[in-house]
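Visitor: As listed in TrEMBL for this protein:
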- 27-127: domain 'Wntless GOLD' (DOMAIN)
- 128-397: domain 'Wntless-like transmembrane' (DOMAIN)
- 1-20: signal peptide (SIGNAL)
- 133-154: transmembrane segment (TRANSMEM)
- 166-183: transmembrane segment (TRANSMEM)
- 203-221: transmembrane segment (TRANSMEM)
- 233-253: transmembrane segment (TRANSMEM)
- 278-302: transmembrane segment (TRANSMEM)
- 329-353: transmembrane segment (TRANSMEM)
- 373-394: transmembrane segment (TRANSMEM)
């Protein structure tokens, strides 16, 4: 899951780029550097430093000498890969102090064979102020917007004479998960040292991912004509089960790093070869599964389009007003399905790119700007999509009379048909849902 959270995130990377070698002091292959590190904080220049965390960590050096190892090139610098040092879930204090020592112990072979260190660069990557203001403003505005539409949506459902169908319940659950991720608890991270904010953000985003992926399966399945049973969550266990299992696996993987970082912010699963291979394997498998899911979703959307198109052959037998009504409903429904596919595609791309970015620590100036714009764009898209779903699938307040029955008969001559922007009926499930031949089993 993504590490660019809605709180102030502090990330420090130890960059051992300037390593010089002397004769007899070359960097050995697969050498390890031992770091005695600690971090302290204070909120006033006159206060004493208070220790936040300390640890003795080992990191593997991956260094390349761009020239031949000869006496003529004595003193030339190695090019070393970036080494992760620590990650903070909250930076609520004003001043931080890092103490980095490289103790040498020949008996324990600590910092032996790493060459002569001439310089040491510490690079800090954090959420800048501009992005933070935009992000906080978006969450503060979108939270009440989704809550209001949720209340309006559920009130429309409770006004009906029937109980809610599965699709309506899942849409409401999706709105609830969107509200859960929208709540701007990050405001409190400014004044409180909540180190668990990264883990909490991952949990919120994971719940939303699981709910969104499950919703798309149920949304398409409930409109597929050839499905004999529906309106029961148990029908979708073969599709929703793997989503729940994958979400649990990602949660366990996240806990292996984020959970340990609650006590030791210097810990990273990427510091060992085994840990890095397991983490990269998780990312690759998750990316493959996400692509397979999207292909399966495209197949389901195709099936829905084929079923709805087959029912369109009955429209010419209807009266003009009724035919225009259903043509409008079907057009809006197909448009919503296309938007669903676009939203799913962007979500899958966003998930894969954020995982790759997190795994490889590739955060240049250009990629940071692109990642921030993509992040806010996808987040805004999720909110608009959920808002549109609850608006379109809320039961309509318009009454259609007996002429709206499923048999396709014409309307009474004295009845005036009122077209609505929604695709629902006050006393039954969605009209497109019913047109596809799927009456709810009450």
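Keep in mind that glycine also has a Cβ here, set from the backbone N, Cα and C atoms.
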Visitor: May I ask for the residues of the chain that lie six or more residues beyond the transmembrane segment (278-302) and have a Cβ under 8 Å from a Cβ within it?
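Guide: Sequence-remote neighbours of the transmembrane segment (278-302) are 213, 216-217, 220-221, 224, 239, 242-243, 246, 249-250, 253, 269-270, 337, 340-341, 344-345, 348, 351-352, 355-356, 359.
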Visitor: Which sequence positions outside the transmembrane segment (133-154), separated from its termini by at least 6 residues, show Cβ-Cβ distances below 8 Å to it?
Guide: 6, 127, 171-172, 175-176, 178-179, 182-184, 186-187, 376, 379-380, 383, 386-387, 390-391, 393-394
Visitor: Cβ under 8 Å, sequence separation of at least 6 from the ends of the transmembrane segment (329-353): give me the contacting residues as numbers and ranges.
Guide: 209, 212, 216, 219-220, 223, 286-287, 290-291, 293-294, 297-298, 301, 304-305, 308, 312, 371, 374-375, 378, 381-382, 385, 388-389, 392, 421, 423, 431-432, 435
Visitor: The transmembrane segment (233-253): which same-chain residues, six or more beyond its ends, come within Cβ distance under 8 Å?
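Guide: Sequence-distant neighbours of the transmembrane segment (233-253): 1, 166, 202-203, 206-207, 209-210, 213-214, 217-218, 221, 227, 279, 282, 286, 289, 293, 296.
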Visitor: Looking only at the domain 'Wntless GOLD' (27-127), what is the model's average confidence as pLDDT?
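Guide: Reported value for the domain 'Wntless GOLD' (27-127) is a mean pLDDT of 81.
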Visitor: Please give the sequence-distant neighbours of the transmembrane segment (373-394): residues at least 6 beyond its ends with Cβ less than 8 Å from one of its Cβ atoms.
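Guide: Result: 2, 4, 131, 134-135, 138, 142, 145-146, 149-150, 152-153, 156-157, 167-168, 171-172, 174-175, 178, 182, 208, 212, 332, 336, 339-340, 343, 346-347, 350, 353-354, 421-424, 430.
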Visitor: Please work out the helix, strand and coil residue numbers for the domain 'Wntless GOLD' (27-127) from the DSSP assignment.
Guide: 3 helix, 54 strand, 44 coil
